[in-house]
């Protein structure tokens, strides 16, 4: 079995470390590679963005794990608030001020508008605010990486509603509802008019549908984790895998195979993944939320402002920035986030921490 400390499973923190490092490598070495001082000519980290899909799968597992130990709907959402909001507020403020002061080239000019700071800390998508206020492309994410938090929130709402409406039949109801939603969505994608403006607007706003299969896979892996001999979950996981690869895109096939193999190893052959319980992996995994929130725009500006100092070995700039951002996130998580968590636990859950 994997180590479990403070209700955290160490190997899952190792998974988080893999996911966040993939995203960092994608943003620093591919997505925002400097055109004047390029550090690599290839696209070695082109598919690092798939780390976000891995995060979704991990969330599917973890949310089901969390629901089992939560007494009611309100308590669940208080816990989610404690986990998500304080760090989101702090990361957004840091990013906002940093870009005002140091984004000399105005790479992320939209992120210095106060309205985008306010909308970002709601976790809601900019297109919802455009719809509410009757504007077009007026609102944007303070940091575009924040887009993935909205599907997370939608999944939390879906899973928690199903669970607390009927705890005894949660697995049956959850699986039925998720596969039904996926069936409707994919039938429309295959047979419907995907260029229909209403379909596009709806799926852009409620974008959980585009990523639900990863959350569902994580949830099914949790159910398999609890009932390792239940082959029904393996059959359902195979079905989810087929849906993920519905379009027969090679990179989707390769990355989903890697994710599935890691989870199957975690459940049946955890000894193969003991290296993910090493302190370095666990620390990065535990701090991955704050690291995800601050890494992109701050990191990119730091690289852009300093990359010329390292030319012609320009790759040193993103490497140093990556190390700095990781260390900053670990320190924040250990020194600030944990204390904030204890404070809000006492305030909102009346839970005293030793």
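Here the Cβ of each residue, glycine as well, is placed from N, Cα and C on the backbone.
TrEMBL assigns the feature transmembrane segment to one of the listed ranges (121-137, 257-273), namely 257-273. The transmembrane segment (205-225) and the transmembrane segment (280-303) are not in contact, since fewer than 3 Cβ pairs between them lie under 8 Å (pairs 6 or more apart in sequence). Outside the transmembrane segment (232-251), and at least 6 residues removed from its termini, the chain residues within Cβ reach (under 8 Å) are 47, 50, 175, 179, 182, 186, 189, 213-214, 216-217, 220-221, 223-224, 260.
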